[in-house]
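The annotation active site, proton acceptor is assigned in Swiss-Prot to Lys175, His294 on the grounds of sequence analysis. Feature annotation from Swiss-Prot assigns substrate binding site to Asn123, Thr173, Lys177, Arg295, His327, Ser379. The feature Mg(2+) binding site is assigned by Swiss-Prot to Lys201, Asp203, Glu204. Per Swiss-Prot, the feature N-acetylproline maps to Pro3. The N6,N6,N6-trimethyllysine annotation in Swiss-Prot covers Lys14. What Swiss-Prot lists as N6-carboxylysine is Lys201.
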Amino acid sequence: MSPQTETKAGVGFKAGVKEYKLTYYTPEYETKDTDILAAFRVTPQPGVPPEERGAAVAAESSTGTWTTVWTDGLTSLDRYKGRCYHIEPVPGEEEQFIAYVAYPLDLFEEGSVTNMFTSIVGNVFGFKALRALRLEDLRIPVAYVKTFQGPPHGIQVERDKLNKYGRPLLGCTIKPKLGLSAKNYGRAVYECLRGGLDFTKDDENVNSQPFMRWRDRFLFCAEAIYKSQAETGEIKGHYLNATAGTCEDMMKRAVFARELGVPIVMHDYLTGGFTANTTLAHYCRDNGLLLHIHRAMHAVIDRQKNHGMHFRVLAKALRMSGGDHIHAGTVVGKLEGERDITLGFVDLLRDDYIEKDRSRGIYFTQDWVSLPGVLPVASRGIHVWHMPALTEIFGDDSVLQFGGGTLGHPWGNAPGAVANRVALEACVKARNEGRDLAVDGGDIIREACKWSP
């Protein structure tokens, strides 16, 4: 037990408030391979030194509280406390700085994203000494990564299951998102899959509403899948949303999907919660189901530039909790997304080892060892004229998902699906022949129009 935290009979306990930096600011600390490292963007209240605020973040997200307590003497704070080990200014922002905090691995339950976030992004975000706080990135040590199952199957296993290689996968969200009967919904699924798409998708809002109960939807979608497979000779899927009001109902829906023999289910992992998501991911691996993840509610957490969490942290958490696909923005569609930053967290989803690269927003080198990769899904506000850019930006290991870009075709759902498939095949063929999609993309699509509705 260190001298700072040891309680000795001759000294006694001294109550009172003391500065956080006396205990939790340790610039001389050398980080360990087993530490979880965090980069926080801190906006302190005026007049508070950066060292004190960085130490406060470390304290309030680990062992500290607002005052000295006598039970500090019953454990070793030096072993368990978080440490602010480095502070750097944010270029162009006089009132902000980045505080780097190291957390001992023993603070966290094995295999629990829920517990990790409860500590690191818990009460500290309401700390009144801070005007704003944003978690920019985490370094997850190999020792902790190995306690997680991660994605149920991963990229290579999914391609083997689908027998589809050498191109991005194509998807479509069925619209209108709410209001269709189960039979009409299944009809739209069939038309899109028959037209050439690999997947169709429940919108994140679709659970089990009065106009379409989940069991009816599952049955009609399964019929559409099997009919389109028989007619095209390709393996097809529909993301059946298993998200429900309770974990028990969620699992009931996943079990029914498995009994129908469909290849994939879906979960809204932020609104459903990490505990539910990890439970579903384990079931999917054990039972051969792929798991599509929607990120509904993410903008509540990651939209603000100085408070909350960056999506790269949520992406890392999803890879640990488990999912084979996750929506990751588009760069070219109707949602926000800077190209380099987006590709940074896309690589964090797919690759085994990612080097630190601040130009892409990656604060730490991340080694995922044997954890399977996740396919990024580009969706929202995209159409066939975006196909060259999407193919170039996201590469083969991705899902390109067109909702209105399929169902909005003037000739109907099936021609819209055909148009997307023809555009994708044309872009992949042109790329493989050495053509520059960024330069020739428009010409490639115009040439493909000859063979497409």
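Cβ coordinates come from backbone N, Cα and C, glycine included.
Within 10 Å (C-alpha to C-alpha) of Lys175 (active site, proton acceptor) lie the following recorded positions from Asp203, Glu204, His294, Arg295, His327, Ser379: Asp203. Comparing Glu204 (Mg(2+) binding site) with His327 (substrate binding site), their Cα atoms are 11 Å apart once rounded. Counting Cβ atoms from all protein chains shown, Thr173 (substrate binding site) has 24 others lying within 10 Å of its own Cβ. The binding-site residues examined here are Asp203, Glu204; by Cβ neighbour count within 10 Å, the least packed of them is Asp203. Cα spacing between Asp203 (Mg(2+) binding site) and Thr173 (substrate binding site): 6 Å, rounded to the nearest whole number.
Around Lys201 (Mg(2+) binding site), a 10 Å sphere centred on its CB holds 28 further CB atoms from the protein chains shown. Arg295 (substrate binding site) sits 14 Å from Lys201 (Mg(2+) binding site), taking the Cα positions as reference. A count of other CB atoms within 10 A of each Cβ picks out Ser379 as the most crowded of the binding-site residues Asn123, Ser379. Calculated from their C-alpha atoms, the gap between Lys177 (substrate binding site) and Lys201 (Mg(2+) binding site) amounts to 10 Å.
Rounded to a whole value, the Cα-Cα separation of Thr173 (substrate binding site) and Lys201 (Mg(2+) binding site) is 5 Å. Comparing His294 (active site, proton acceptor) with His327 (substrate binding site), their Cα atoms are 6 Å apart once rounded. Taking the mean position of the Cβ atoms of Lys201, Asp203, Glu204 as the Mg(2+) site, the remaining residues of that chain whose Cβ falls within 8 Å of it are Thr173, Ile174, Lys177, Asp202, Asn205, Val206, Tyr239, Asn241, Met266, His294. Secondary structure from DSSP puts Asn123 (substrate binding site) in a helix.
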